[in-house]
Amino acid sequence: MTKQSLIKGTIILTVAAFITKLLGFGNGIMLANILGPEGVGLMMMAMPIIGLLFTLTTLGLPLAIAKLVAEAEIRGDKLRVKKILIISLTTIILLSIVIMIGAFFCANFLSGILLTDKRAYYSFLAVIPMVPIIAISAVIKGYFRGKQNMTPIASSQVFEQVITIGFIFILVKWLIPYGIEFAAAGAVLGSVIGEIFSLLYILLLFKWEKDKRFTLRHSFIKHARNGKGIFRDLLKTGLPTTGDGIILSIIGMAMPVLITQSLALAGVETAIATKQFGILLGYAAPLILLPGFITHSLSVPLVPAISEAHEKNDHMLIHKSIQQAIWVGLIVGVPWTIIIYLFAEPLTTLIYKSPEAAIFVKIMAPFFLLHYFHAPLQAALIGLGKAKAVMLNNLVSSVITLPIIFFLTSNPTFGIKGVAIAMNVGVVLGTLLHFSTISRLIGFHLNLMEFVKVILSGIIMGCGGLIMYRFVGNTNTLIQLGFTLTCSLLIYLIFLTSFKSTALKG
């Protein structure tokens, strides 16, 4: 099995994530056109539940596996790697069975509490079988991350997305005559089928690519019984991550309830609230976060890379890795933020046939630039063994965000826009807390002049883009936007290069 560098692993994941993101974005457009914002809203209400079930099932072990496997690889301890996998799989399989059965039996009760629109119940049922599938897959992916071999993870993502899109299209088309609630559930079920195929695929890759001497069947029960030390090590990293995941999952589940109840206080009916929720989180948010796959792809190999550097006390490599992640986020985030802010209405009209989504894009885009730094900073903290700090930082930002959602959204002056404003507060606060923690830990700092160069290049790009957009005139919207965005990005790269920004070298 080939060990890959941080940059090589990032490139592999980025290419796969780019393909996956394009396919997923196309899938989102298809669903928007078939289901409409109301159907998308029903899906978005059910999906956060999988986050909580997944977190409770995995106990944060996938990240812990990557960290511990990376450390064991440095010492050449193959037996420890085997024990890590056995303990993790045993724990997760048992937990997933219990949680899945419990979720099915409590489905009526849970849906009554968590789903403000009762039509989302069928989507909730469809999402439950995903729990053990994602959990087992996450363990194997954690193993590959620890080995710093990102190719199996990358290829499985693309494979899963292709299968998912095919089944979603078939199921949604088949179920739409029976009602929008059944079609939304069909879309969720399509994702479950995609996850099943992805799990089978990555299990095959694991079987083919692992060391032939590395067999899990031998002494499985013995290692499972005598793995208390490894189990403690896994929980040491995993539990704080679990706490963080539970916080984020609870917020994800609370948001639909909080938003719809707050909108009700503002005089908005349930069906309209579901539609607005779908426009905000199903249309605007994916567009704002479209290039986020790049920083996410960087974050995945960042955990084992920093963990390994930390194990070797290589402070220079730690600083360099974090610096690279920050520059990637900056170079990607600045042009996209400016583009979607300036061309929000034509973009949302072209993609979703929903110009009303543009206002949310304009409200959120400038602040969500910091989102491109959040994931790499969080990964760096976990790699440094500070998962507890990540949990506390996210808890603080969440505790502040939720009351803001209620107070603003229940005010008719703000309505659903209050949610967008509150989300801005959350992402800004969370990112600044992560950065502050890393700065205190390792004395990390940034070159502000480089930030100025990148942002100035982005501003010049924006001015050039507006000129190009007006120059092309009222032609076909796709051609007009395509020409404008292409020219804008060229202007950005030319000025970024002319300013001799070290961000490009980083």
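Glycine is no exception: its Cβ is also placed from the backbone N, Cα and C atoms.
Note that the coordinates shown come from a computational prediction; the quantities given were computed from them, not determined experimentally.
Copied over from TrEMBL, here are the features:
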| type | residues | note |
| --- | --- | --- |
| TRANSMEM | 12-35 | transmembrane segment |
| TRANSMEM | 41-63 | transmembrane segment |
| TRANSMEM | 84-115 | transmembrane segment |
| TRANSMEM | 121-144 | transmembrane segment |
| TRANSMEM | 246-268 | transmembrane segment |
| TRANSMEM | 280-304 | transmembrane segment |
| TRANSMEM | 325-344 | transmembrane segment |
| TRANSMEM | 359-377 | transmembrane segment |
| TRANSMEM | 389-408 | transmembrane segment |
| TRANSMEM | 414-433 | transmembrane segment |
| TRANSMEM | 454-472 | transmembrane segment |
| TRANSMEM | 478-499 | transmembrane segment |
Answer key: the stretch among 41-63, 84-115, 414-433, 454-472, 478-499 with most Cβ pairs under 8 A to the transmembrane segment (325-344) is 454-472
Selection from 84-115, 121-144, 280-304, 389-408, 454-472, the stretch that has most Cβ pairs under 8 A to the transmembrane segment (12-35):
280-304
What residues elsewhere in the chain lie close to the transmembrane segment (280-304), defined as a C-beta under 8 angstroms and at least 6 residues from its ends?
4, 6, 9-10, 13-14, 16-18, 20-21, 25, 28, 32, 37, 40-41, 43-44, 63, 66-67, 69-70, 145-146, 148, 150, 153, 321, 324-325, 328-329, 332-333, 336, 340, 347-348, 351-352, 354, 357, 360-361, 364-365, 368, 371-373, 375-376, 378-380, 382-383, 416, 419-420
Pairs 6 or more apart in sequence, C-beta under 8 angstroms, 3 or more of them: is that satisfied by the transmembrane segment (414-433) and the transmembrane segment (389-408)?
yes
